[in-house]
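A short worksheet on the structure shown next.
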Amino acid sequence: MWWDERVSARFRRNLQPTLTYWSVFFSFGLCIAFLGPTLLDLRCQTQSSLSQITWVFFSQQFCLLLGSCLGGVFKRTLAQSLFALFASSLAISLVFAIIPLCHNVVVLAVVMAVAGLAMGCIDTISNMQLVKIYQKDSAIFLQALHFFVGFGALLSPLIADPFLSDTNCILSNSTANASSNLPHIRKSLVPHHPGNLSHYDLPMKGMVVTRVSYAFWIMALINLPVPIAVFFLLYKERMVPCFSSSSHPLLSADELALETRPTEKDELPPSLQRAQVAAGGHDDLLSCCQSKNFRGASYTYFAVHITGALVLFMTDGIVGEYSGFIYSYAVEEPLSVVHKVAGYLPSLFWAFITLGRLISIPVSYRMKPATMVFINVVGVLITFLLLLIFSSSVVFLFVGTASLGLFLSSTFPSMLAYTEDILQYKGCATTVLVTGAGIGEMVLQLLVGSIIHEQGSYSFLVCGMIFGGLAFTFYALLLFFHRMYPKPSSALDEASPDKPAAMDDTGQYQR
């Protein structure tokens with residue numbers, strides 16, 4: 001194997017939980033990408049207007065953000081985390097099965113809100129649990145985790161495509177005129193910006209003819225093994241209530257050594273007790289904001305959290321705004337790319353994000369997360385600069401889109417691994433970073449849509465350049481605060497039962 005025996009042994013010891021978290025993130029990707037291509041068929045199914053149906057995007061994304069913030073509530077213990085993942089992955093399968101039965105846009109928005117909450121919990125808990133298991137070796141496993149979300153995001157549009165309507169799926173007198181614009185409308189749908197399509201008159205009443213229900217039922221079946229896998233992990237850990245009377249398996253020698261380590265806080269000096277409180281455990285966002293977690297913490301402790309979240313606010317925001325508006329930018333002047341060709345741009349972008357995440361799995365073993373994030377943010381900045389210089393070249397637009405997907409692909413897992421490493425795997429880094437990324441994807445899409453509406457399509461690349469520059473600036477600040485962040489004292493390292501070295505020696509799955 002291309003990694004060393006120590007990491008390989010740790011992976012083998014934690015094979016089932018690792019594969020389970022990867023499969024749950026596949027559910028996340030499957031759910032995050034299906035809504036765009038199927039939205040017009042869902043409009044027909046609910047017999048709603050374009051402006052009404054596009055707000056279904058908002059219900060999903062807002063509740064995804066809310067679920068990311070609240071996901072930490074369920075990760076205080078392994079049992080809570082696994083039950084939350086089981087409920088979330090099962091909810092996604094149920095959502096896929098229920099969507100064809102939603103014939104009212106409000107009901108559909110509520111169902112998508114439930115899906116968003118489930119996705120948010122999956123996002124926070126899966127990242128957190130992998131970091132807890134692998135700690136200093138987590139970078140490679142986080143890269144693999146985010147490859148699976150990209151794989152799911154690629155798969156769901158491919159499943160839906162054969163069942164999408166080629167003509168308008170509500171038959172009425174105006175069907176012929178509406179059907180000629182259908183491919184353009186489908187690729188132009190952007191969350192929260194129905195005004196861009198208000199000049200298209202699609203019928204709301206008539207006979208509904210759509211086969212998109214089959215796509216959702218297929219995705220429900222594909223996703224069904226995921227909650228089953230989580231259930232088997234619960235069963236293995238003896239956490240299923242009906243099996244709770246069974247005795248727990250005996251601890252291994254390594255686990256027993258961990259259990260019997262002296263952990264009483266009274267044996268530590270008061271200054272080290274305060275340092276442990278300041279570092280804290282991984283909590284939800286609300287718990288992170290409690291004043292007790294701030295006692296004894298230096299300003300660099302907060303600065304690392306904030307600058308790390310701001311980097312992901314910008315980079316994940318770029319992913320959202322680029323994938324949402326690249327088609328609209330390409331079909332406008334001066335490029336004026338034909339609609340069919342421009343439709344390949346979002347697919348190319350996501351394909352190279354998935355390819356980049358696959359490549360990053362072996363690369364992250366040889367390269368430090370800090371170096372990977374530096375290459376990513378510099379690459380994004382240079383790509384936008386070249387896109388601005390060659391803004392009249394259609395060929396370079398495709399090259400730049402692929403390049404941007406590659407550079408953005410590994411930013412989130414690399415930043416998460418780097419920030420957690422700075423904070424010695426304590427603090428609230430995962431919760432803060434996941435929340436920051438979700439807010440960025442939501443806010444920057446709204447901001448760029450408003451700017452394009454006022455200033456024209458060229459501002460799309462200008463905004464990307466500005467966001468890339470801000471991401472680089474915040475990353476430079478993160479490096480500065482990393483240098484100033486206090487290193488753990490030797491006394492704390494020896495006394496703390498949570499130190500990373502203990503995990504490096506044993507690599508056991510924490511209950």
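Quick reminder: no glycine exception, Cβ is built from N, Cα and C everywhere.
Listed by sequence, the residues of this chain that lie at least six past the ends of the transmembrane segment (21-40) yet keep a Cβ under 8 A from its Cβ atoms are 53-54, 56-57, 60, 64, 85, 88-89, 92-93, 95-96, 112, 115, 118-119, 122-123, 126, 129-130, 144-146, 148-157, 159-161, 164-165, 169, 182, 185-186, 189, 212, 215-216, 219, 222-223, 225-226, 229-230, 350. Annotation source TrEMBL lists transmembrane segment at 21-40 (among others).
For 52-74 (among others), the entry in TrEMBL reads transmembrane segment.
If you look up TrEMBL, you'll see 81-99 (among others) marked as transmembrane segment. Same-chain neighbours of the transmembrane segment (81-99): 20-21, 24, 27, 30-31, 42, 71, 74-75, 108, 111-112, 114-115, 117-119, 121-122, 125-126, 128-129, 213, 216-217, 219-220, 223-224, 226-227, 230-231, 233-234, 237, 239, counting only residues six or more beyond its ends whose CB sits under 8 Å from a CB of the stretch.
According to TrEMBL, the feature transmembrane segment maps to 105-126 (among others). Sequence-distant contacts of the transmembrane segment (105-126) (same chain, at least 6 residues past either end, Cβ-Cβ under 8 Å): 21, 24-25, 27-28, 31-32, 35, 42, 46, 48, 52-53, 55-56, 59-72, 74-75, 81, 84-85, 87-89, 91-92, 95, 98-99, 145, 430-431, 434, 438.
Sequence annotations record features per position, and here TrEMBL assigns transmembrane segment to 138-159 (among others). Long-range Cβ contacts of the transmembrane segment (138-159) within its own chain (Cβ-Cβ under 8 Å, at least 6 residues beyond either end) map to 3, 7, 11, 18, 21-23, 25-34, 36-37, 126-127, 130-131, 215, 218-219, 222, 347, 350-351, 353-354, 357-358, 360-365, 369, 372, 409-410, 412-414, 416-417, 420.
For the transmembrane segment (214-235), the residues of the chain that approach it from at least six positions outside its boundaries are 16-17, 19-20, 23-24, 26-27, 30-31, 34, 38, 79, 82-83, 85-86, 89-90, 92-94, 96-97, 99-100, 155-156, 159-160, 162-164, 243, judged by C-beta separation under 8 angstroms. The annotation transmembrane segment is assigned in TrEMBL to 214-235 (among others).
The transmembrane segment annotation in TrEMBL covers 301-329 (among others). Residues 187-188, 190-191, 196, 278-279, 335, 342-343, 345-346, 349-350, 353, 373, 376-377, 380, 401, 404, 408, 411-412, 415, 418-419, 422-423, 427-429, 432-433, 435-445, 447-449, 452, 457, 460-461, 463-464, 467-468, 470-471, 474-475, 477-478, 481-482, 485 of the same chain sit 6 or more residues outside the transmembrane segment (301-329) yet have a Cβ under 8 Å from a Cβ within it.
Residues or ranges marked as transmembrane segment in TrEMBL: 341-359 (among others). Beyond the ends of the transmembrane segment (341-359), by six or more residues, the same chain brings 33, 143, 146-147, 150-151, 153-154, 157, 183, 187, 319, 322-323, 326-327, 330-331, 397-398, 401-410, 413 to within a C-beta distance below 8 angstroms of the stretch.
Summarising the annotation, TrEMBL assigns transmembrane segment to 371-390 (among others). Same-chain residues lying 6+ beyond the ends of the transmembrane segment (371-390) with a Cβ under 8 Å from its Cβ atoms: 139, 311, 315, 318, 360, 363-364, 396-397, 400, 403-404, 406-408, 410-411, 414-415, 418, 461-462, 464-465, 468-469, 471-472, 475.
According to TrEMBL, the transmembrane segment annotation covers 396-418 (among others). A Cβ distance under 8 Å defines the sequence-distant neighbours of the transmembrane segment (396-418), meaning residues of its chain 6+ beyond its ends; these are 127, 131, 138-139, 142-143, 145-146, 150, 308, 311-312, 315-316, 318-319, 322, 326, 330, 335, 337, 344-345, 348-357, 359-360, 363-364, 368-370, 372-373, 375-377, 379-380, 383-384, 386-387, 390, 429-430, 433, 437.
Beyond the transmembrane segment (430-452), the same-chain residues lying 6 or more positions past its ends with a Cβ under 8 Å from any Cβ of the stretch are 61-62, 64-65, 68-69, 71-72, 120, 123-124, 127-128, 131, 190-193, 196, 282-285, 288, 305-306, 308-310, 312-321, 324-325, 328-329, 412, 415-416, 419-420, 459-460, 463, 467. The transmembrane segment annotation in TrEMBL covers 430-452 (among others).
Here TrEMBL flags 458-481 (among others) as transmembrane segment.
Taken from TrEMBL, the feature region 'Disordered' covers 489-511.
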